[in-house]
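Each remark here refers to the structure printed beneath this line.
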């Protein structure tokens with residue numbers, strides 16, 4: 001990642017700290033991956049604090065594929081199988097079957113309905129019967145170990161929301177340009193400025209976690 005593009009958002013460590021602080025304050029964060037990977041920016045939010053207004057923003061400016069990042073334990077609690085048994089996608093993105101809240105939604109498409117589905121899925125006492133399948137929310141399985149295991153937006157989302165003190169459940173959606181093309185770093189930075197979001201890279205988060213976990217182990 002071209003670090004000069006991100007200099008206004010601080011050093012790599014500061015960018016992670018700012019992202020954690022933003023999530024704690026109920027704001028969203030823009031997460032960039034490597035230019036040699038997907039080269040995309042995702043809007044991410046803590047699932048516990050996401051508002052209808054933030055969901056509407058996500059749908060309006062994103063790809064439309066609103067994903068709920070969860071760990072293996074939660075997926076087992078909800079009895080959500082993987083979408084396919086043989087995952088041949090380029091980066092092994094862990095899609096499960098899609099979901100809809102069993103109660104409290106209409107078509108499931110609106111910002112309110114999608115947020116209702118997310119809240120049903122992350123409730124402490126959530127059961128498989130609380131969700132219908134298929135639906136309009138796309139759960140993603142995060143790998144154990146987070147970004148130190150897999151450098152994806154899914155793992156970055158769960159790492160950031162847990163570092164911020166929330167349960168391991170985060171919402172992500174890829175940012176798109178007005179013409180429907182994928183937003184890359186320059187467009188992500190403009191969007192972040194407009195919507196008061198910090199920008200952090202997955203590389204930043206990997207370095208942050210390694211440095212702290214090395215200190216804790218010493």
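The backbone N, Cα and C atoms fix where each Cβ goes, and this holds for glycine too.
Residues annotated as D-ribulose 5-phosphate binding site in Swiss-Prot, with sequence analysis given as evidence: 37, 38, 42, 150, 151, 152, 153, 154, 174. Annotation comment: Swiss-Prot describes 38 as Mg(2+) 1 binding site. What Swiss-Prot records for 38, 153 is Mg(2+) 2 binding site, and it gives sequence analysis as the kind of evidence. Among the features that Swiss-Prot reports, site 'Essential for catalytic activity' is placed at 136, 174.
Features as recorded by Swiss-Prot, highlighted on the structure.
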{"residue": "42", "record": "D-ribulose 5-phosphate binding site", "DSSP (3 states)": "strand"}
{"residue": "136", "record": "site 'Essential for catalytic activity'", "DSSP (3 states)": "strand"}
{"residue": "151", "record": "D-ribulose 5-phosphate binding site", "DSSP (3 states)": "coil"}
{"residue": "174", "record": "D-ribulose 5-phosphate binding site", "DSSP (3 states)": "strand"}
Row residue 136 (site 'Essential for catalytic activity'), column other C-beta within 10 angstroms, all chains, value 19
In all the protein chains shown, the tally of other Cβ atoms within 10 Å of the Cβ of residue 151 (D-ribulose 5-phosphate binding site) is 19
The answer, for which of the binding-site residues 42, 174 has its Cβ ringed by the most other Cβ atoms inside 10 Å, is 42
For residue 136 (site 'Essential for catalytic activity') and residue 174 (D-ribulose 5-phosphate binding site), the CA-to-CA distance in whole Å is 15
